[in-house]
Structure formats: C-alpha cells, structure tokens
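Chemist: Input: one structure, supplied below.
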C-alpha cells in the first residue's frame with residue numbers, strides 16, 4: 001500500500017513545477033561501505049606507538065632540546081593529541097620571563113610568537129619591532145632569510161583587529177615569498193612556501209597538513225627518526241580508525257535509503273564525514289564525530305528540500321510541523337516525501353537520544369532548537385524567492401547568518417563530547433560570543449562567494465554578494481572584494497576571542513576554530529567543493545581515508 005501511495009505522490013510531483021537542481025551523484029559508490037583490517041596488525045601498531053610516545057615524552061622534558069622546534073614538529077606531524085598536557089606546560093613556561101628577548105633570529109621569534117598565540121597566550125607583536133629599520137619598514141636584509149620570511153608569514157595570520165605591524169608583516173612576506181616561488185623553483189622551501197601561500201597554517205585542516213608535512217619532514221636530513229616513525233604509524237592507525245567509523249556511517253545512510261527516498265538531494269556522505277573529520281579527528285571524539293556527521297547529513301537534505309525541491313505551500317506546512325516536533329503532525333504533511341522526511345528526522349533524533357546518557361540529553365535538546373531555528377531561516381529565504389523579494393544586505397544577513405548552518409553545527413558538535421560541555425557552555429553559546437559570530441559570518445561570506453556562479457544559473461534566493469551590490473550600489477567584483485576583507489577581519493576577531501582567560505575550556509573553542517577551517521577549505525577556491533566535488537576534495541579524501549603512508 002505504501003509503495004502505491006509513494007508512486008501516486010511521485011506522479012503528482014512530476015505535475016508540480018519544482019525548482020529542481022540536478023546534483024551529480026556520489027562519486028564513491030560503495031567504496032567505503034565495508035571495512036576489513038587485521039585486528040592483530042592494529043594491536044601491533046598500537047603497542048609500537050605507545051613505546052615511541054614514551055620516548056618522545058622524555059625528549060619533551062629535556063631542557064637542552066630545541067623545545068620550540070619540537071613542539072612545532074609535533075603539531076605539524078599530527079602528533080600533538082598524544083602530548084597535550086606536556087605541550088601546554090612547555091608553552092606556558094616559554095611565555096613568561098625573557099625567552100622572547102633571546103630570539104634575535106626572525107624564524108625563531110616568529111615561531112615563538114605563533115606557537116604561543118595559537119594556544120591562546122597573549123604575547124605582544126612588538127617583538128617584531130626589532131626587525132624594522134629606522135624608517136619603520138621591515139629590513140631589506142630579511143629578504144634573503146627565506147625560512148624567517150615563511151615563519152613570519154605564518155605568524156602574521158594570528159593577528160588581532162588593528163594590529164598594523166602584523167598587517168605589514170603579511171604584506172611584506174607575501175610579496176617576497178611569491179617572488180621566491182616564481183624565480184627560485186628549486187629552492188628547498190619552495191614546496192612549503194607554495195602550500196603556505198595557498199593556505200596558511202592557521203587556516204589548514206590538521207590531518208591534511210600532517211599528511212603533507214610527514215613527506216616534507218622525511219626529506220629533511222636532520223629529522224628525528226623516532227618522530228617520523230611515530231607520525232607514520234599514528235597517521236595510518238588513525239586512518240584505519242576513521243575508515244571503520246566511515247563504514248558505519250555509510251551503512252547508516254544506506255540502511256535508511258536516504259538517496260532513494262530523496263533523489264533530489266545531494267548524496268555526499270563521504271564528503272560530509274571528511275568535513276566533520278576537520279572538526280575533530282581524535283579517537284576520543286568518535287561518538288561526537290559520528291553524531292555530528294549524521295546531523296549535517298540530515299541538514300543537507302533539509303537544505304535541498306527548501307532550496308531545490310519543495311514548493312512554498314509544502315515548505316510552509318513542513319516548517320510548522322518541524323517547530324512542533326511531534327510525530328502526530330506527520331499526517332498533515334503532503335505530498336509523501338514530506339511525511340518520509342519528517343519521520344526520518346524525528347526517528348534519527350530518537351536514535352541520538354539512545355546514544356546519550358540521561359544527564360546529557362539537555363545538549364541534544366539545545367541542538368534540536370537550533371535545528372528548528374535553521375528551518376525557520378530556510379523558510380524565510382524560500383519566501384523571499386517565491387515573492388521575488390530582494391532584501392537589503394543587513395536584512396539578508398540576519399537570516400542567512402542562521403541558514404549558513406554554522407551555529408547549528410557548533411551547537412551539535414558539543415552534543416557527543418564528554419563532561420567538558422556543561423550547561424554553562426550552552427549558556428555562553430546562546431549569547432552569540434564574538435568567536436561564534438565571526439566564524440559564522442566567515443562561513444556565510446565564503447559560501448556565498450564560492451557558490452554564487454552556480455546559484456546564479458538557477459532560480460535561487462540572492463546571496464549576500466548580490467544584496468551587498470544592491471545596498472551599496474557597487475559591482476560584483478567590488479562586493480566580493482569587500483566581503484573578502486570581512487572574512488580576513490573575522491579571522492582576526494576569532495584570534496582575539498581565543499586569548500586566555502577564556503569563558504569556556506579550550507576544547508570548546510577548538511571546535512569553532514576547526515569548523516572555521518572547514519569553511520575555508522570548502523569554499524576558498526572560488527567554488528563550492530561540497531556541491532560540486534572536484535579534484536581537490538577527491539584527492540584530499542583519498543589522502544586521509546584511502547591511501548596509507550608507506551612505512
């Protein structure tokens with residue numbers, strides 16, 4: 001009987017004029033559906049990793065070792081999750097006293113500054129005044145110090161709003177690093193410089209950089225053999241762990257037949273897992289990672305219903321039902337695909353409840369309210385499109401700030417985490433602190449800049465780009481330039497709100513930093529990597545989830 005109803009619904013859908021969009025199907029097929037690995041092999045790897053960790057811990061405690069370089073290598077190689085307390089203690093020691101006064105070398109001074117700032121320690125950028133000449137410009141002699149330039153370039157991305165010396169440092173280093181890449185392709189640092197110019201460390205996904213840096217580190221004649229072995233083994237072990245996790249999520253997607261039930265929606269389960277892997281990769285966050293991946297998958301379907309398939313009358317019914325969040329509302333929904341969606345959404349959140357302890361359920365309730373809020377925003381945008389209404393930039397942003405999805409993702413990222421997330425955490429989040437608003441605005445602007453060409457080709461609500469053009473009477477090029485300036489400013493506000501003492505524990509803030517990095521990755525290249533899966537995203541997924549590092 002249900003199949004007859006569905007068939008009837010599908011027939012009526014063909015008659016209804018829908019704003020359909022043809023998204024390409026999943027490029028992965030069933031590649032990640034099954035996971036096979038030798039458990040004995042994993043045990044052997046884990047035992048060797050534990051041995052190497054103890055060796056490295058002794059090196060960290062050694063006072064005669066180059067501690068800055070060691071910390072930097074641990075982070076770049078993707079190993080810092082094993083040494084969080086040791087690194088924390090070392091950096092606090094390095095932040096006090098006269099350590100910075102000993103750094104007359106540009107590379108070391110910049111490294112000291114970057115490592116401390118990215119751990120929330122408020123060190124002054126005045127340390128770089130010593131590298132300026134009498135006229136207030138960076139010394140010309142620095143141009144030949146390539147490693148120093150690269151280190152200063154990376155440090156400059158930890159700047160605050162109005163920190164002019166770091167703005168000058170960024171302009172100075174960018175100019176000369178580009179020249180080095182163009183004119184000295186055989187320079188030993190050429191590859192690292194190109195990568196940094198493409199995406200600086202502050203904006204880079206940790207696991208992707210670890211994969212890249214392991215290959216660079218191995219070629220360094222002075223590399224630490226223990227660190228290199230540990231980095232390779234740890235990367236491959238985590239890859240196995242992530243592949244197993246992904247297979248569970250893909251099976252969940254397949255068993256619920258999402259692609260079949262919602263053929264108009266993007267089928268991007270693998271890409272979504274990769275996205276959330278950028279938020280947290282550590283094994284201890286497995287539960288949180290799986291839950292967040294499922295929620296972003298449901299949100300993607302919701303987005304496509306509102307943005308690419310549903311009629312305004314259908315969306316109005318669905319919006320009202322979602323605000324009530326009551327299975328009894330399902331009977332009032334038509335056509336059949338809305339009933340299916342509603343049932344799937346409510347049942348999925350019931351599944352999530354079962355995965356949580358009773359005392360954790362308040363976190364899911366908070367996240368559920370954010371889901372309701374994003375649905376209201378989706379409907380408001382659909383109403384604008386239906387009425388042909390062109391909002392002002394400010395009016396658009398009040399709605400699209402929510403529809404960006406990042407407030408929902410931040411809230412949901414905390415649901416599966418441990419006791420570090422408390423009622424106070426969610427109270428802090430509800431006040432929309434600067435780090436949250438900056439991250440959300442950044443993702444909104446980068447999404448709109450990256451997806452605008454595709455959206456202009458179909459009947460779609462106007463983005464912040466078009467609304468900015470209208471309100472300020474400027475060209476598209478000028479609007480994009482201005483929004484990119486705002487993106488850069490958002491990073492500075494994020495840096496400012498990351499400084500200790502913070503209102504919430506650092507693991508809470510790191511989720512926001514990492515979510516911001518995922519937005520940068522998905523939209524920076526002037527396109528929407530999620531909707532249109534290209535070579536960059538495909539290669540990145542292969543690097544993290546298919547190809548192990550040769551030992």
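Here the Cβ of each residue, glycine as well, is placed from N, Cα and C on the backbone.
Take a look at what Swiss-Prot says about it:
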- 266, 303, 307, 444, 447: (2E,6E)-farnesyl diphosphate binding site (BINDING)
- 303, 307: Mg(2+) 1 binding site (BINDING)
- 303, 307: Mg(2+) 2 binding site (BINDING)
- 447, 451, 455: Mg(2+) 3 binding site (BINDING)
- 303-307: motif 'DDXXD motif' (MOTIF)
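If you look at the structure here, what lies around each of the features I listed?
Modeler: Take the CB of residue 303 ((2E,6E)-farnesyl diphosphate binding site) and look out to 10 A: across all protein chains shown you find 18 other CB atoms.
In the three-state DSSP classification, residue 303 ((2E,6E)-farnesyl diphosphate binding site) falls within a helix.
Listed in sequence order, 404, 519, 522, 523, 528 are the same-chain residues six or more apart from residue 447 ((2E,6E)-farnesyl diphosphate binding site) with CB atoms under 8 A from its CB.
For the motif 'DDXXD motif' (303-307), the residues of the chain that approach it from at least six positions outside its boundaries are 19, 21, 23, 262, 264-266, 315, 318, 341, 375, 378-379, 381-382, 405, 460-461, judged by C-beta separation under 8 angstroms.
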Chemist: List every residue in the same chain as residue 451 (Mg(2+) 3 binding site), at least 6 positions away in sequence, whose Cβ is under 8 Å from its Cβ.
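Modeler: Counting only residues 6 or more apart in sequence, the Cβ neighbours of residue 451 (Mg(2+) 3 binding site) under 8 Å are 463, 523, 527, 528, 531.
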Chemist: Looking at Cβ-Cβ distances, which residues of the chain lie under 8 angstroms from residue 266 ((2E,6E)-farnesyl diphosphate binding site) while being 6 or more apart from it?
Modeler: 23, 300, 304, 530, 531
Chemist: Using only the Cα atoms of 266, 303, 307, 444, 447, which the record gives as binding (2E,6E)-farnesyl diphosphate, return the largest interatomic distance in Å, rounded to a whole number.
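Modeler: Looking at 266, 303, 307, 444, 447 as a set, their Cα atoms extend up to 19 Å apart.
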Chemist: For the binding-site residues 307, 444, which one has the sparsest Cβ surroundings, going by other Cβ atoms within 10 Å?
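Modeler: Least crowded of the binding-site residues 307, 444, by Cβ count within 10 Å, is 307.
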Chemist: DSSP on residue 266 ((2E,6E)-farnesyl diphosphate binding site), three-state: which is it?
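Modeler: Coil, per DSSP.
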